[in-house]
Amino acid sequence: MNDWSIEAARAGYNVTHWSQGFYGISDEGEVTVSPDPKNPDHKIGLNELAKDMVKAGVALPVLVRFPQILHHRVNSLCQAFDQAIQKYEYQADYLLVYPIKVNQQKTVVEEILASQASKEVPQLGLEAGSKPELMAVLAMAQKASSVIVCNGYKDNEYIRLALIGEKLGHKVYIVLEKLSELKMVLAESKRLGVKPRLGLRARLAFQGKGKWQASGGEKSKFGLSAAQILTVVDQLKQSDMLDSLQLLHFHLGSQIANIRDIRQGVSEAARFYCELRELGASINCFDVGGGLAVDYDGTRSQSNNSMNYGLSEYANNIVNVLTDICNEYEQPMPRIISESGRHLTAHHAVLITDVIGTEAYQVEDIQPPEEESPQLLHNMWQSWTELSGRADQRALIEIYHDSQSDLQEAQSLFALGQLSLAERAWAEQANLRVCHEVQGLLSTKNRYHRPIIDELNEKLADKFFVNFSLFQSLPDAWGIDQVFPVLPLSGLDKAPERRAVMLDITCDSDGIVDQYVDGQGIETTLPVPAWSAESPYLIGFFMVGAYQEILGDMHNLFGDTNSAVVSIEENGMTNIESVLAGDTVADVLRYVNLDAVDFMRTYEELVNQHIAEDERAQILEELQVGLKGYTYLEDFS
């Protein structure tokens with residue numbers, strides 16, 4: 001690829017669009033991060049950052065967090081709504097509520113809350129969906145009358161804790177998901193002497209499109225039907241507590257790619273709000289829930305991994321619809337709340353790790369088959385000679401298909417005992433040579449060639465064995481086919497010599513990344529610089545800050561990775577603020593009720609029985625170190 005350039009690299013990996021300006025490729029071909037938007041020229045080279053961490057004793061893989069990205073995401077979303085409110089002369093304000101289920105890590109929650117520390121009136125609250133999350137939120141929420149939204153299924157204890165939150169000075173909205181929860185709230189509030197702030201989750205008829213669309217619509221797991229909502233209103237009237245009903249909540253589903261879906265859902269919910277106001281409810285908060293998407297592939301489309309709108313358009317549509325419908329009903333405009341956790345956290349974290357080895361197809365020269373060889377092999381030789389002699393390009397596809405068919409026949413004949421192992425190996429090499437030659441002759445400009453180019457890219461791709469667990473660090477890539485941008489961290493100033501797929505180190509064939517951002521689309525392989533065992537080859541998995549840590553599992557007992565918090569100072573210096581060690585072998589054994597202390601006793605007994613006395617101390621030390629060691633691979637020498 002003689003026309004390769006840095007611009008070609010940036011376009012090929014589509015960095016400009018999925019990164020939102022936080023990540024880029026330098027003129028030297030290094031992947032960089034610019035976490036502070038106030039100083040876009042202050043960049044950190046991720047390759048050098050990782051090497052510095054390794055020198056400091058932080059083993060790969062390491063999850064790197066950039067808190068300044070969190071700050072920017074919070075403030076940019078609040079700014080978008082503030083501008084929309086001003087544009088449409090909306091008569092209420094906006095509040096951003098962070099649902100901690102997206103990422104409950106202490107550093108993440110604290111940095112989100114700190115992002116508006118300088119504001120006289122912060123526009124931030126927190127959301128909890130379970131008792132453990134509520135306990136965390138009650139302690140971590142900002143002290144001055146902070147808003148807490150309580151979602152999820154509830155028992156009496158959950159409700160009591162939420163009401164205690166009111167006693168502690170918070171504004172706690174208990175969102176009713178089921179009709180039966182109202183009775184519990186009324187009883188517990190009476191016992192505690194606390195007037196509750198109630199919310200309703202409406203089950204809309206409209207259902208957004210996407211992987212999480214089941215969380216919206218009439219068949220959704222959560223929410224109250226129109227009839228159930230009216231029952232709640234009647235029961236509150238009978239209890240003389242209708243003024244406790246202060247919030248309307250709905251949720252269209254996570255990662256809503258199409259802005260028209262958001263607009264339509266908000267329109268339906270706005271009519272719920274106005275109708276409830278006309279029934280006498282004192283609702284003054286309109287909680288649109290989640291749904292604000294993240295453009296994982298950078299295509300700015302309606303695909304499940306993208307979004308066809310920006311922040312301003314998102315805020316404008318919500319504010320515009322609410323303004324129009326409230327004016328139509330002559331009802332006051334409510335405070336707008338959104339629970340946009342994915343948008344806040346996805347970009348801030350990147351997993352950096354190393355390629356520990358590769359496996360590439362070796363295309364070898366072949367000699368013509370022996371005269372007495374089966375006719376099938378002679379046919380394959382003829383296909384190769386026609387191709388290597390540069391046959392008419394119109395015949396390329398035909399030759400390729402013939403070679404594929406011949407290979408399948410050769411494998412079948414071998415299974416029937418009619419072809420020797422050597423003859424099968426020759427057939428496979430002949431097919432490989434044809435594939436390799438055809439790949440170089442096909443043109444992406446020819447639409448008939450494109451499917452075969454994709455097929456050959458996948459067939460001939462190198463296998464990169466990468467030091468991580470897909471199930472621990474990118475569970476959504478395995479579970480729901482989520483796309484995450486993947487990039488080699490250096491060498492991008494040179495044309496990629498290979499295409500590769502990334503395989504993890506678990507003993508599971510599902511441990512493979514099979515979708516990659518490539519230009520304006522998704523491919524099954526990734527263009528990469530050639531791998532060399534002589535120097536570290538680092539890979540970055542981007543946009544893993546939302547859901548991945550808490551959803552990750554311990555398949556093969558690979559545990560949490562090391563992590564670090566990194567920022568850029570005003571003077572441009574890199575600051576590694578904190579490093580947290582990942583799980584040790586003993587840690588993950590403890591998760592499955594296996595005791596490292598018991599293991600050491602067993603090891604000692606076995607060593608005394610089977611190991612010579614002069615070796616015992618060394619062997620026991622190795623076993624002890626193994627239990628204290630990182631669960632990922634560290635020693636390749």
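Cβ from N, Cα, C; glycine included.
Taken from Swiss-Prot, the feature N6-(pyridoxal phosphate)lysine applies to Lys101, supported by sequence analysis. The substrate binding site feature in Swiss-Prot is assigned to Phe286, Asp287, Val288, Gly289, Gly290, Gly291, Leu292, Ala293, Val294, Asp295, Tyr296; the stated evidence is sequence analysis.
Gly290 (substrate binding site): 24 other CB atoms within 10 A of its CB, across all protein chains. Here the C-alpha separation of Gly290 (substrate binding site) and Lys101 (N6-(pyridoxal phosphate)lysine) works out to 12 Å. Between the CA atoms of Phe286 (substrate binding site) and the residue listed as 'N6-(pyridoxal phosphate)lysine' there is a gap of 21 Å. Secondary structure at Lys101 (N6-(pyridoxal phosphate)lysine), taken from DSSP and collapsed to helix, strand or coil, is helix. For the recorded site, Tyr296 (substrate binding site), the DSSP three-state label reads coil. The two recorded residues the residue listed as 'N6-(pyridoxal phosphate)lysine' and Tyr296 (substrate binding site) have their Cα atoms spaced 20 Å from each other.
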